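So the structure is just underneath, and the comments pick up after that.
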Amino acid sequence: MQFTSVFTILAIAMTAAAAPAEVVPRATTIGPNTCSIDDYKPYCCQSMSGPAGSPGLLNLIPVDLSASLGCVVGVIGSQCGASVKCCKDDVTNTGNSFLIINAANCVA
């Protein structure tokens, strides 16, 4: 085989290997047995980070964002692209279906 043939085959193989693949988001289905602890409900949560004592809702209620989760209620059968947390039902509702939950009241 000639050098150009080997080079061409390698170039085509490397191009095919470098082609981007379809990105599929990781999602968890929330089921009826997601939370096996009584009085705990499933929430789809993303952790929030920030300095302790950061201003909270409307800058009136101080919220420690380092110990809070931003969550939405997990509806059975829905998909959660973040992480599903089982939390006690004492949450702060921001009025737009986004909830602030104390992370100490949640289990993984």
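Just so you know, glycine gets a Cβ as well, placed from its N, Cα and C.
Per Swiss-Prot, the features are as follows:
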| type | residues | note |
| --- | --- | --- |
| SIGNAL | 1-26 | signal peptide |
| DISULFID | Cys35-Cys86 | disulfide bond |
| DISULFID | Cys44-Cys80 | disulfide bond |
| DISULFID | Cys45-Cys71 | disulfide bond |
| DISULFID | Cys87-Cys106 | disulfide bond |
Inset, instruction - Report, in whole Å, the straight Cα-to-Cα distance of Cys35 (disulfide bond) from Cys87 (disulfide bond). - result: 9
Inset, instruction - Would you list, in sequence order, the disulfide-bonded residues among Cys44, Cys71, Cys80, Cys86 whose CA lies within 10 Å of the CA of Cys106 (disulfide bond)? - result: Cys86
Inset, instruction - Among the disulfide-bonded residues Cys35, Cys71, Cys80, Cys86, point out the residue whose Cβ has the most other Cβ atoms within 10 Å, with all shown protein chains included in the count. - result: Cys71
Inset, instruction - Going by Cα-Cα distance, pick out whichever of the disulfide-bonded residues Cys35, Cys44, Cys80, Cys86 is nearest to Cys71 (disulfide bond). - result: Cys44
Legend entry - Candidate nearest Cys80 (disulfide bond) in space, where candidates are the disulfide-bonded residues Cys35, Cys45, Cys86 and distance is Cα-Cα: Cys45
Inset, instruction - Count the other Cβ atoms sitting within 10 Å of the Cβ of Cys44 (disulfide bond), across every protein chain shown. - result: 23
Inset, instruction - Please report how many Å separate the Cα atom of Cys86 (disulfide bond) from that of Cys44 (disulfide bond), as a whole number. - result: 9
Legend entry - Cys35 (disulfide bond) - helix vs strand vs coil (DSSP): coil
Legend entry - Residue among disulfide-bonded residues Cys45, Cys87, Cys106 with least C-beta crowding, 10 angstrom cut-off: Cys106
